[in-house]
Each structure stands twice: as C-alpha cells, then as structure tokens.
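Q: I have a structure I would like to understand better, so I am pasting it below and will then ask my questions one at a time.
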Amino acid sequence: METSAPRAGSQVVATTERHSAACRADPLRVSSRDKLTEMAASTQGNFDGNFESLDLAEFAKKQPWWRKLFGQESGPSAEKYSVATQLFIGGVTGWCTGFIFQNVGKLAATAVGGGFFLLQLANHTGYIKVDWQRVEKDMKKAKEQLKIRKSNQMPTEVRSKAEEVVSFVKKNVLVTGGFFGGFLLGMAS
C-alpha cells in the first residue's frame, strides 16, 4: 500500500532550493552550503548506485579556519559569543595593538627627532642654506589654498566610512569596549 507522504528529505530540498536561488542571484556569494544543496538536488531521484556519500567530518576539516570562526555570514559578534569571550577578545587585541603602537611610536619619534637634529646641525655648520623668504611665500600660498577649499561639509567618502564605523561599534559594543580598554592598557605598559 502506497502512501502520499513525501519522501524523506524532500522538504529540506525545497527550502534549500529557495535559499540557494536567493544566493545564486549574487554571483560573489557562493557558499559550501549551496554546493551541498546542488549536489543533493541533482542526485535526489537518481538511486541507481552511482552516488557518493559525504563525510561531514572530513568536509568540516577542509573548511578554512575563518569560516569556522565567523560562520557563513559574519554578523555582529554579540550573537555568537558570550559577554566574557567578547570582552576578552577585544581586550587582548586592544592590548596588543596598544603595545605595538607605543613601541613603534617611540621609534618613529626618535627617528623624526633625530632627523630634525641632524638638519639643524647641518644648517648651523653651513652645509644647508635655507631660503626663508621662499619658505614664507610657500606657506602663504598653502594658507590661501586651504581657505579656498574650506567648507563645512564632509566629503561623501569620509561620511560613508564614518557611518560604517558607527554601525560596527553599535553592533559590537562589548568587543569595541574591550578593545579600547585593552588599547589603553597596552599604551600604559
């Protein structure tokens, strides 16, 4: 006696076909889930013995590390990790950034200061002659150009980047707070 119940997996194929059709509209966004659904759909009615089983453990091992960490669609980290994990990740990355920033800043300040010192020494000993009238003339010209370009509106590129940063901070408040706290600790150490 035959029943009219759908075959096992037919509902999954129907929902995944809708998802893969939506994702196929964007050619840059091709995920491994889409590949799996296409493979499943193409072999759905073909059980003549020519099919290959898929070992999900092996498939997961072949995925890049960033896919495992961020998932298919990396959204706000607040949805993925606990509060403590977010603060820890933000704090550690902030501390590392602050520590590196402090050490590189010292090196850069030493290099710039040493360069100015050598230029002053060369000027004092007569190796370099500075035409101060020409410097003053160029400074006046630069001031005039700045006055001409001065406006109260930000360029659209700057505005769009600022909006992106604000959106990121709003979505990831804990990670951002941990980062800034860690950055300050890294600068102090």
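The count begins at 1 with the first shown residue.
Even glycines carry a Cβ here, placed using N, Cα and C.
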Q: From Swiss-Prot's topology annotation, check whether Val130 and Glu58 share a side of the membrane.
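A: According to Swiss-Prot, Val130 sits on the same side as Glu58.
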Q: Ser53 (phosphoserine) has how many other Cβ neighbours within 10 Å of its own Cβ?
A: 5
Q: Let me spell it out: take the topological domain 'Cytoplasmic' (129-164), skip the flanking residues so only those 6+ beyond its ends count, and list any with a Cβ under 8 Å from a Cβ in it.
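A: Counting only partners 6 or more residues beyond its ends, the topological domain 'Cytoplasmic' (129-164) has Cβ contacts under 8 Å with 123.
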